[in-house]
Amino acid sequence: MKFQLHRTDGLARRGTLSLTHGVVETPAFMPVGTYGAVKTMSPADLQVINAHIVLGNTFHLWLRPGLQVIEAHGGLHRFMGWDGPILTDSGGFQVFSLGVLRKITEQGVKFKSPVNGDTCFLTPEESMRIQYVLNSDIVMIFDECTPYPADERAVGESMELSLRWAERSRQAHDEGGNRNGLFGIVQGGMYEKLRDESLAGLLDIGFDGYAIGGLSVGEPKADMRRILRHTAPGLPAGKPRYLMGVGTPADIVDAVAQGMDMFDCVLPTRNARNGWLYTRTGVIKLRNSQYRLDTRPADEQCTCYTCRHFSRAYLHHLQRTGEILGARLNTLHNLYYYQQLMGEIRTAIENGQFQEYAQAFQAQTAS
């Protein structure tokens, strides 16, 4: 894995991330393919919208279809028919989401499988082994996603456990012979001091890239931005920086301004299935009756397949009748919008005009 930083504009960064299965231009947005598929999208669709990299989920793929199936295909790329780069989350967030169904110990996490009720045990070593079989281009360490809200003592204990797991993840990754990139994850909740301690510990271990985790878990937007502004400047300048699970287009523009390079979020695909379309002037909610006779495309400035061929009225009709095509067309549009956004951001940074772009973007989407 190799990261090249080409240009900065303020704190915003323009780079190139060279991975085993291809090159990712940064800043980049990664569509989420939890089970090895971005919902309603084929790999060919993802290429058309210019997605450079997709995200898969270690936890869910481990449970279903299981490692035996994926290993028989030689890894996740061939299994899902995608020949570009893949980043896999370690499973820490999904285990966190199980709540009372899981028990955390120093060794790892014991939980009941949401698929069949079997007792499962996931450790840093097992997470690294799974991701080695998946052959993901970027592997995430196994960590504990700190719940929100939580007091400083509880968050501190969680962060320290994640650091110990980070060291075990690094060791297992290296001893297993995995040559793909391994990213550390900064935790520490809403406490700047704990975030600093987490980052210092990760830097001592040493990783190929660094992520900010534990945000977008229910905290107020102001707290998310406060922690981002505090943590991002301390991340190594020569390594890729990944903000996990964030977010809206406005969140991404704001995070790029703080120096972040990589993003993932389910919002564009989930909202598409619910009839919410992102446009240059804000969000369209297709179920609203105001679109019943609207012959305009969803976004008159958009050149995606959906906007070139279909009206808001037709998309409204598909949403109202529950047609599967509606979810597909909406997803095509939203992911195209996100990829176009990232392309515009990259161009603005290259031209030294990112601040002006960000101001114009925020003004336009707020109007």
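Keep in mind that glycine also has a Cβ here, set from the backbone N, Cα and C atoms.
According to Swiss-Prot, the feature active site, proton acceptor maps to Asp89. Per Swiss-Prot, substrate binding site is recorded for Asp89, Ser90, Gly91, Gly92, Phe93, Asp143, Gln187, Gly214, and the stated evidence type is sequence analysis. Annotated region 'RNA binding' per Swiss-Prot: 245-251, 269-273, in sequence order, evidence recorded as sequence analysis. What Swiss-Prot records for Asp264 is active site, nucleophile. Sequence annotations record features per position, and here Swiss-Prot assigns Zn(2+) binding site to Cys302, Cys304, Cys307, His333 based on sequence analysis.
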Ser90, Gln187: which of these binding-site residues has the highest Cβ count within 10 Å of its own Cβ? Gln187
What number of additional C-beta atoms lies within 10 angstroms of the C-beta atom of Gly91 (substrate binding site)? 24
Do you know which of the binding-site residues Cys302, Cys304, Cys307 has the most other C-beta atoms within 10 angstroms of its C-beta? Cys307
Helix, strand and coil totals (DSSP H, G, I; E, B; other) for the region 'RNA binding' (269-273): 5 helix, 0 strand, 0 coil
Run through the region 'RNA binding' (245-251) and tell me, per DSSP, how many residues are helix, strand and coil. 3 helix, 0 strand, 4 coil
For Gly214 (substrate binding site), which of the recorded positions Asp89, Cys304, Cys307, His333 has the nearest Cα in space? Asp89
Other than Cys302, Cys304, Cys307, His333 themselves, what residues in this chain have Cβ atoms within 8 Å of the centroid of the Zn(2+) site's Cβ atoms? Pro297, Ala298, Asp299, Thr303, Tyr305, Thr306, Arg308, Leu332, Tyr336, Tyr337
Mapped DSSP class for His333 (Zn(2+) binding site), helix or strand or coil: helix
